[in-house]
Amino acid sequence: MFSGSIVALVTPLDTDGEVDYNSLKSLVDYHIKAGTNGIVAVGTTGESATLSVEEHVKLVMKTLEFADGRIPVIAGTGANATHEAVTFSKLFHDSGVAGCLSVTPYYNKPTQEGLFQHYKAISEATDIPQILYNVPGRTAVDLLPETVARLAELDNIVALKDATGDLDRVAITRELCGENFIQLSGDDATALDFVKLGGHGVISVTSNIAAKDMATMFALAAQGKFEEAEIINQRLMPLHNDLFVEANPIPVKWAAHRLGMITHSDIRLPLTELSLSAQPTVEQALKSAGLLK
């Protein structure tokens, strides 16, 4: 259902801070041409935290429109209030989204039982396939493998995006949830190793600007050609790392603009554009990856 290289798509903005739908269409077409296996619209990289509900819904629907059935679209639907996460998921009922990506509730630090009840409520409210999203570095809460296993028993909770960077969890989660439960890395730098250990793919920041390389790398991995995949991975490693020299998605939006993929690198406050001191680092990473001369 979900595998390979799935992009956590940036949300292009104009200089007035409004969504640039022309650039969005270009990005969708770019990923289809490059062989990307799926698009996450309005996740963390898509600046979900600073979009209004109306913008959020329109962005997902426009992404679906531009995709036109040519690539699966996953809607970001996470919130730190359960009723809001439920509402977001229900808004996309019959929309054509392939699934919903729902981050753990952030800031309010629920217990494991609270996390279970949160996702259970979402599961009961919709039949859209749900992807759990664990990123404790941003949310201050860790969805433990034992809780994932409880949730995996619910019919439409089908996958986990694991952005912990803890590769030991791949085998633990596989043992607890079974091999059919989909595990997706949320950490580009360790994603290939994640797949070597039994994961199914990645939801990627790097893929925003190196989509063909990422798609090829994970296609090779799926064929067991890990040595060939590792050659690509090592070339992209500076990008995997330096796209986080400042908070995501600041560097990747700057890089996408530098490559002419989006019209502007604007980002909504409280995030600010990539600092002058960090720009040479990202520029060099683009050159190391072969994306700039």
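Glycine residues also receive a Cβ, built from the backbone N, Cα and C atoms like all the rest.
Look at Swiss-Prot and you will find Tyr133 tagged as active site, proton donor/acceptor, backed by sequence analysis. When secondary structure is read from DSSP and collapsed to three states, Tyr133 (active site, proton donor/acceptor) falls in the strand class.
Among the features that Swiss-Prot reports, active site, schiff-base intermediate with substrate is placed at Lys161. In the three-state DSSP scheme, Lys161 (active site, schiff-base intermediate with substrate) is classed as strand.
Per Swiss-Prot, the feature pyruvate binding site maps to Thr45, Ile203. Mapped onto three states, the DSSP output places Thr45 (pyruvate binding site) in coil.
Annotation for Thr44 (site 'Part of a proton relay during catalysis'): spatial neighbours Ala8, Gly76, Val103, Val135, Arg138, Asn248, Pro249, criterion Cβ-Cβ under 8 Å with sequence separation of six or more. Among the features that Swiss-Prot reports, site 'Part of a proton relay during catalysis' is placed at Thr44 (among others).
The feature site 'Part of a proton relay during catalysis' is assigned by Swiss-Prot to Tyr107 (among others), with sequence analysis given as support. A sphere of 10 angstroms centred on the C-beta of Tyr107 (site 'Part of a proton relay during catalysis') encloses 9 other C-beta atoms.
When the alpha carbons of Tyr107 (site 'Part of a proton relay during catalysis') and Tyr133 (active site, proton donor/acceptor) are compared, the span between them is 15 angstrom. Using a 10 Å Cβ-Cβ cutoff, Ile203 (pyruvate binding site) registers 30 neighbours. The number of other Cβ atoms within 10 Å of the Cβ belonging to Lys161 (active site, schiff-base intermediate with substrate), over all protein chains shown, comes to 27. Other Cβ atoms within 10 Å of the Cβ of Tyr133 (active site, proton donor/acceptor) number 27 in total over all chains.
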